[in-house]
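S.K.: Attaching a single structure in structure tokens format; questions to follow.
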Amino acid sequence: MAVKNIVAVDLGASSGRVMLATLHTATQHLTLKEIHRFSNTLVFQDNHHQWDLAALERDILTGLHQIDAMGIVPDSIGIDSWGVDYVLLDQDGQRVGLPYSYRDHRTDGVMATVTAELGREAIYQRTGIQFLPFNTLYQLKALCDAPSDDLHQVAHLLMIPDYFHYRLTGSLVCEYTNASTTQLLSLEKKTWDSELLDYLGVPRRWLSDPVQPGHAVGKWAAPSGRQISVTAVATHDTASAVVGAPLQSRDSAYLSSGTWSLMGIESDTPFNSPQALAANITNEGGVDGTYRVLKNIMGLWLLQRVCQERDIKDLGALIEAAAALPAFASLINPNDDRFINPPSMHQAIRDYCREHGQPVPHSDAELARCIFDSLALLYRQVVLELGELRHAPIRQLHIVGGGSQNAFLNQLCADVCQIPVLAGPVEASTLGNIGCQLMALGAVADLAAFRHMLTHNFPLHRYTPRAESDFAGHWRRFQALSQPETAPKGKKETTQ
């Protein structure tokens, strides 16, 4: 029986993993085995939030070396990660400058400057990408406006997965789905926008032409001497997660739920109308020529930070306690900039509630309940926005990723959005990474065939919406909070 062994390196903003997938091609039976899981934490050094790229590389190699020591010869290796962040290299392939994180505060206020100079409408028409203060466009504006001798040394700019491609193979490539998150890619031409680069002062030579998922990057020399193929997958983890979401129709929306919540639809055409701009909808690159028409939501980052700050170890007990509390007592707008990276998340939540005349959540369970209720309401808002944009309602929400394990939040989403919710698979980005490799190898015919295979190999859990009494009043409260003009004066900017 023919077998394909595939390695997926899946790097998230808080953790990473090296996974081994085995596909028995005759039966289409797919299994996953976790080889190595590791944390990915921000490092605050030289007054900036940075990624520890050396630690990530060590962990990637730890997983790959373990597979090699097992005597397994992978047919391919693929890497995906979060978007917008980049690495600069000199002519010799050595890193230049700091590996900044998108949560670093050096971009505070930069987006306002750029949009004032270029115009939001003009930028959106060119790129179709939502306005987030940490987009690569604004990171590079901050970099180039504070010039140093380092800039003269730069020869290459690589997104995070492409940097690790380079470290494994020595090949310099730029994969399309991650490049699309930069807000520097032409929506129409799917290549770099020269006018935006000129505005920044970024030389075109820094950037390779984007390649599509499935591109053969090169070979990794394993300790055993084996030469293992490295394939460019949909290297933006959300793009891979969408591949790994077994959507049942074009009337289904996906929600990749983790540190970030990314909700959207799969579309053959982008949406960059004034209505889409007003909703801050993004059109990121997908596989097979599709667009990921979606919206970024702050996601479980809020809960992760609260748990970290308050040393909460038993997440299950916290969720159970939160579920027992009255619903919608205290609400926040999770996408308020103050929640991007405050010194204290629980204090930022309390301050927000106090400023908006709401009960202040004090206990751990009250904080968690506030986060869950607010996220569910924001999910409803985006579901409605997507339906209006496509002139057809969203009829089902498919939740994938780590957050899909939260049964309480899944049911809350179904109740608040008033549509059925399907949850799973948990490792959607890993599976999408694997799917891209299997399609490149010809082991799976196409995206539809891969998703069909997923439904037969990984269980899905269905949540049916229940009627919520007095919901209309809570919804009006949240809608008022989500309007920018309701933010107290001087409180919109990210907390320093």
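Sequential numbering from 1, following the chain as shown.
Every residue, even glycine, has its Cβ placed from backbone N, Cα and C.
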S.K.: Given that Swiss-Prot annotates Gly83, His236, Asp237, Thr238 as substrate-binding, name the residue from Asn5, Asn280, Asn283, Asn296 that shares the site.
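M.R.: Looking at Asn5, Asn280, Asn283, Asn296, the one Swiss-Prot places in the substrate site next to Gly83, His236, Asp237, Thr238 is Asn296.
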S.K.: Out of Gly109, Gly119, Gly170, Gly402, which one does Swiss-Prot list together with Ala13, Ser14, Ser15, Gly16, Arg17, Thr259, Gln304 for ATP?
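M.R.: Among the candidates, Swiss-Prot records only Gly402 at this ATP site.
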S.K.: Using the alpha carbons only, what distance in Å do you get between Arg17 (ATP binding site) and Cys353 (disulfide bond) once rounded?
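M.R.: Between the alpha carbons of Arg17 (ATP binding site) and Cys353 (disulfide bond) there are 37 Å.
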S.K.: Just the number: how many Å between the Cα atoms of Thr259 (ATP binding site) and Gly83 (substrate binding site)?
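M.R.: Cα of Thr259 (ATP binding site) to Cα of Gly83 (substrate binding site) measures 13 Å after rounding.
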S.K.: Sort the binding-site residues Ala13, His236, Thr238 by C-alpha distance from Cys413 (disulfide bond) and give me just the closest.
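M.R.: Given the candidates Ala13, His236, Thr238, the nearest one is Thr238.
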S.K.: Below 8 Å Cβ to Cβ and six or more residues apart, same chain only. Which residues does that give for Asn296 (substrate binding site)?
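M.R.: When sequence neighbours closer than 6 are ignored, Asn296 (substrate binding site) has Gln130, Leu132, Trp260, Ser261, Leu262, Thr282, Asn335 within Cβ distance under 8 Å.
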S.K.: Which state, by DSSP, holds Gly402 (ATP binding site): helix, strand or coil?
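M.R.: DSSP assigns Gly402 (ATP binding site) to helix.
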